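Taken from TrEMBL as is:
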{"type": "BINDING", "residues": "Ser62, Tyr131", "note": "Fe-coproporphyrin III binding site"}
{"type": "BINDING", "residues": "His193, Glu286", "note": "Fe(2+) binding site"}
Amino acid sequence: MAISTDDDALAPYDAVLLLSFGGPEAPDEVMPFLRRVTAGRDIPEERLQEVATHYHHFGGRSPINDQNRALLEALQAEIAARGSRIPVLWGNRNSDPFVVDTLRAARAEGLLRLCTVVTSAYSSYSGCRQYREDLAAATEELGVAAADFVIDKIRPYALHPGFVAVNTERLVATVEGLDDLDPATTRLLFVTHSVPEAMDDTSGPGDGDGNLYVEQHLRTAALVTQGLAERSGVTLEQELVFCSRSGSPRTPWLEPDVNDRIEELAGEGVRTVVLAPIGFVSDHMEVVNDLDREARETAERVGVRFARVPTAGTHPLFVEALVDLVHERAAEAREEVVIPAQADAGDVRPSICASGCCPNLRAAKPALCGRD
Ligand SMILES: CC1=C(CCC(=O)O)c2cc3nc(cc4[nH]c(cc5[nH]c(cc1n2)c(C)c5CCC(=O)O)c(CCC(=O)O)c4C)C(CCC(=O)O)=C3C
Ligand SMILES: [Fe+2]
């Protein structure tokens, strides 16, 4: 039996659902995980084998699930500290605990109104709609009517003041830890996951705007750079670069690649690169392999000092920001007037996505938490 949550600080929600990508936790889980991630995608077999070696460098275990276990605990503690008794559940797209199993268990416990927090801050098919499709596929598999099982989600939060603050805090700490910093020969590289150009072109509300994936990164990067200058008095030249390109070599993906750019910058006299992976919320495989191993190696090869800023992780500023967003979403669900917290004066993403936004370019699929 569920407890009555009518007077709970997060009413009308019965639970928060942490929804993430997933990852393997043992060597024999690596290939099944990779096949699941790439099913129906245009990804060459050689690329899969190559990515498998990344996981095997780390004993076949991605750090992402442990990071989500820690985030879940931190969210639970913060939610309780703010006067709510509702539980935090956790489900993944690509590994155990699969979101469908989490939702089945939630229903069995009478948790019928959920607020989802995804571990992706930006608007794009991969980071937003695909998670909404996961929720639709899971509820469909459970054969439950939407009216009997309400699943909402918080809005994309790249421009939430708390997300900007945690990334600023992390960058300030890294920069202040560098000896003999010479801003003139240092480049700040904000890093995110490359996506197909067509995915960026169509990221956003679907009224022809597009390119919101890159736009949000540029806005967050500008605010974080400004925050560094204000906090530390250090002004660095900055730019956005991309990692973890996948797909067919014939398909254009966002560039420049972080490795190519480090090489070029070395030729231009840059002596230190500071990588700030604002595109990710934890130090998972794309960070510890693609940046800490590969990009660091590139930097060493071309004689450039390498520093990597930690991602948000379980920093209290990030945990508080996510819980603020859940409170905001709950107030919205209670039909109260909500003024969304936003770090700049630009576009604020709604928690209920516009019809057709960040479309699936391969196949139209049902998605929850949107108008379509
Ligand atoms: C935008 C974005 C995010 C950030 C938002 C979010 O966090 O959701 C993200 C996160 C992640 N991506 C991850 C892993 C992988 N991504 C792949 C493939 C792809 N990613 C894409 C995009 C993104 N991915 C795309 C467009 C593809 C091509 C195939 C497709 O269209 O889907 C592949 C296939 C092999 C390959 O790399 O070729 C793997 C293994 C992990 C887990 C890390 C760990 O295990 O610790 C995480 C957190
Ligand atoms: Fe990915």
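Here the Cβ of each residue, glycine as well, is placed from N, Cα and C on the backbone.
Features recorded in TrEMBL, as mapped to the structure shown.
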{"residue": "Ser62", "record": "Fe-coproporphyrin III binding site", "Cβ contacts under 8 Å, 6 or more apart": "Gly23, Pro24, Glu25, Tyr55, His284, Met285"}
{"residue": "Tyr131", "record": "Fe-coproporphyrin III binding site", "Cβ contacts under 8 Å, 6 or more apart": "Leu19, Arg93, Thr116, Val118, Ser120, Lys153"}
{"residue": "His193", "record": "Fe(2+) binding site", "Cβ contacts under 8 Å, 6 or more apart": "Ser126, Phe242, Cys243, Ser244, Gly279, Phe280, Glu286"}
Those binding-site residues in Tyr131, His193, Glu286 whose CB falls under 6 A of ligand 1, listed in sequence order: His193, Glu286
Mapped DSSP class for Tyr131 (Fe-coproporphyrin III binding site), helix or strand or coil: helix
Where Glu286 (Fe(2+) binding site) sits in the secondary structure, as DSSP reduces it to three classes: helix
Cβ atoms near Glu286 (Fe(2+) binding site) (within 10 Å, other residues, all chains): 21
